C-alpha cells in the first residue's frame, strides 16, 4: 500500500513530460516562417546594415586622413557633424510654435540635453583616443560591452523585459564578433599601440558605457517626444561642447594640417557619413530598439575590413564571411521574438481578473484596449 503514492507521483510526472513534449511539437507545427521573416524585419535589417555602411564610411575616411595625410583631429571631425545637425534640426525647432519651440524645450529640459550632448561627445572622443593606447583587437572585443549595458539600462529605464531567445541571440552575435577578431589575429591585423593597454581598454569600456546611455536616451526621446527634438538639441549642445574641447585639446593639431582638396573631401565625406548615421539611426531605433540597432552595427567592422581589402590591401580570410553570417543570424533571431515593456502595472491587489489582464496586455506591442474589454464584459 505504501508504494501506491510513489507510483501515482511517477505516473503524474510521466504525464507532465508527455504533455510538455506534445505542447512543444504543437508549437513546432504551428511555426510559420512568414510570421518571422516579415517585411518589418527585412526593413529593420536593411536599414541597420545601411547604418553600418555609414560607420564604414567614417572609418575609411578617418583611416585615409591618418595614414595618407597624418591628420589626427577627432574632435574637429565630430564638431563638423554636430554643426550639420545644428544647422538643420535646430533650425527646424526654431520654426516651431507652442511647446515644440526651442525656447520651451530649453526652459523645461535644457540640462538633460546638455548632459546628453556631453555624454555623446565624450563617447566619440574616448573611443578614438583608445586607439593610441591599445590594440585593434581589444577595441573590437571590448566595444561589445555596449550590448549588456544597453540591455541593463533598457530593463531599468525603459522597462523592457527580454526573453531567453534574446539572450541566446546576443550570444550568437558575440560569437560572430569573436570569429571576426580571430580572423584579424590570423591575418596579422592586430594593429594599434600597446603603450598603455590598461588605460586604452578602460577608455573603450567607458566609451561603450557612454554610447549605451546616449542610445537609451535616444530611444526614449524618439518614442515619447520627437526625432527632430532629439537631433536638434544634440546638435546644439554637441556643437558647443565639441568646439570648446577642440580649442582646448586640438588647437595645435588643427593649425598643422596641410589643407588640400583631398583633405577637404575626406573631411566632408566623414561629416556627411556621420550626419547620415545620426539622422537615420533614430528612425531605425523607433522601428525596433537601441539594442537591436547596436547588434546590427556589429557588422560595421566587417564592412570596413572588406573595404580595406581593396583600399588598404588587407589579407582576406573566410572567417570574415562566417562572422558576417553568424552576426546576421543573431540579429534576425533577436528581432524575430518581440520584447515586452512593462509600462502598466496593476495599482491595487483587489483588481478584478479583467483589469489585471488589461495591465498585462498593455505591456505588449498589440495591447488589448479598454473598449475591447468592455465589449467582452457586455456580451458576457
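If you go along the chain as it appears here, the first residue is 1 and each next one adds 1.
Any Cβ shown, glycine's included, is placed from N, Cα and C.
TrEMBL: automatically predicted annotations, no manual curation.
Per TrEMBL, region 'Disordered' is recorded for 343-380. As annotated by TrEMBL, transmembrane segment applies to 79-98, 139-158, 165-185, 197-216, 228-249, 261-280, 292-312, 318-337.
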Problem - the transmembrane segment (165-185) vs the transmembrane segment (261-280): 3 or more CB pairs under 8 Å - result: no
Practice task
May I ask you to check whether the transmembrane segment (228-249) and the transmembrane segment (79-98) make contact, with contact taken as at least three Cβ pairs under 8 Å and only pairs 6 or more apart in sequence counted?
Solution key: yes
Practice task
Rank 139-158, 197-216, 261-280, 292-312 by Cβ pairs under 8 Å to the transmembrane segment (79-98) and hand me the top one.
Solution key: 261-280
Exercise for the section: Compare 139-158, 197-216, 261-280 by their Cβ pairs under 8 Å to the transmembrane segment (292-312) and return the stretch that comes out on top. Expected result: 139-158
